[in-house]
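> Reproduced below are the annotations present in Swiss-Prot:
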- D158: active site, proton acceptor (ACT_SITE)
- Q33, E108, D140, G141, P165: S-methyl-5'-thioadenosine binding site (BINDING)
- H64, D88, D158, C159, T160, D161: spermidine binding site (BINDING)
- 5-238: domain 'PABS' (DOMAIN)
Amino acid sequence: MAENTMWHETLHDQFGQYFAVDNVLYHEKTDHQDLIIFENAAFGRVMALDGVVQTTERDEFIYHEMMTHVPLLAHGHAKHVLIIGGGDGAMLREVTRHKNVETITMVEIDAGVVSFCRQYLPNHNAGSYDDPRFTLVIDDGVNFVNQTHQTFDVIISDCTDPIGPGESLFTSAFYEGCKRCLNPGGIFVAQNGVCFLQQDEALDSHRKLSHYFSDVGFYQAAIPTYYGGIMTFAWATDNGALRHLSSEIIQARFHAAGLKCRYYNPAIHAAAFALPQYLHDALSAQ
């Protein structure tokens, strides 16, 4: 791709978004997908896989803070964390901020993503790959959760959309495997798309997760790069109380963790579980 051109996201057939490409840093087909990293004056460095924006320097903090701090602070004493995907390292960066976490395992199907992101998205990982608690496993996520002998307190599925290599991370086989290696009282979260435009994705995840967990729901955040409205995150656990903790408990855990965030705070934590009525209605109709 030439510089000073427009890059078109191809996630949706009938509409989409464009980014001006100021400088192409990397563009190559890895073993699994087409990967491009380019610079844009408004959003900084942008990474896309198979024509779909995955992350940008400008707003990645919203996504990654909400995917990590919500489940980790709701759990309260997570020691072992599993990240599925997350090759750009930003999810890992946020998990390493929790000093009570003892082990962090990241399973990424594409070694190329990790290598390229270490070089071209250094602000995302911020040196977190060198954290002594971290272990990288190059494997398919479904295979890992169904074969591992490890167990985890929090599982974060930083999956792409349910197309290409990421499709398997929206299957019953994956959710069943996550339940298998999740400790009692543990929490599973996953990105579930922009519910206004990808409602079927959320409904499908809710239906499948409900076979394995007694408390299944969603929380949300507005992330500019993910076009079309609020992004939903799937939430699944067998401890229904964790979704309804008092603001005092979350506030105390937040301060004890010593976190200083750019988006997440205890008030956002509580508000994130308030969902639009159209999603409630769609879930009730299933």
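Backbone N, Cα and C define each Cβ position, glycine as well.
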> Inside 10 Å of the Cβ of D158 (active site, proton acceptor), count up the other Cβ atoms and send me the figure.
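Step by step: centre on the Cβ of D158 (active site, proton acceptor), count other Cβ atoms within 10 Å, giving 27.
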> What whole-number Å value do you get for the CA-CA distance of C159 (spermidine binding site) and G141 (S-methyl-5'-thioadenosine binding site)?
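Cα-Cα, rounded: 10 Å.
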> Express the predicted model's confidence over the domain 'PABS' (5-238) as a mean pLDDT, rounded to an integer.
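Averaged over the domain 'PABS' (5-238), the predicted model reaches a pLDDT of 94.
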> Among the binding-site residues D88, E108, D140, which residue has the fewest other Cβ atoms within 10 Å of its own Cβ?
D140
> Out of Q33, H64, which of the binding-site residues is least crowded by other Cβ atoms within 10 Å?
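Selected from the binding-site residues Q33, H64 on minimum Cβ neighbours within 10 Å: Q33.
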> Roughly how many Å lie between the Cα atoms of D140 (S-methyl-5'-thioadenosine binding site) and the residue listed as 'active site, proton acceptor', rounded to a whole value?
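Here the two Cα atoms are 13 Å apart.
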> E108 (S-methyl-5'-thioadenosine binding site) to the residue listed as 'active site, proton acceptor': how many Å between their Cα atoms?
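The Cα atom of E108 (S-methyl-5'-thioadenosine binding site) is 10 Å away from the Cα atom of the residue listed as 'active site, proton acceptor'.
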> What is the interatomic distance between the Cα atoms of D88 (spermidine binding site) and Q33 (S-methyl-5'-thioadenosine binding site), given in whole Å?
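So the alpha carbons of D88 (spermidine binding site) and Q33 (S-methyl-5'-thioadenosine binding site) sit roughly 15 Å from each other.
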> If H, G and I count as helix, E and B as strand, and all else as coil, what does DSSP give for C159 (spermidine binding site)?
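The three-state answer is coil.
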> For the binding-site residues G141, C159, T160, which one has its C-beta crowded by the most other C-beta atoms within 10 angstroms?
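Of the binding-site residues G141, C159, T160, the most buried by Cβ count within 10 Å is G141.
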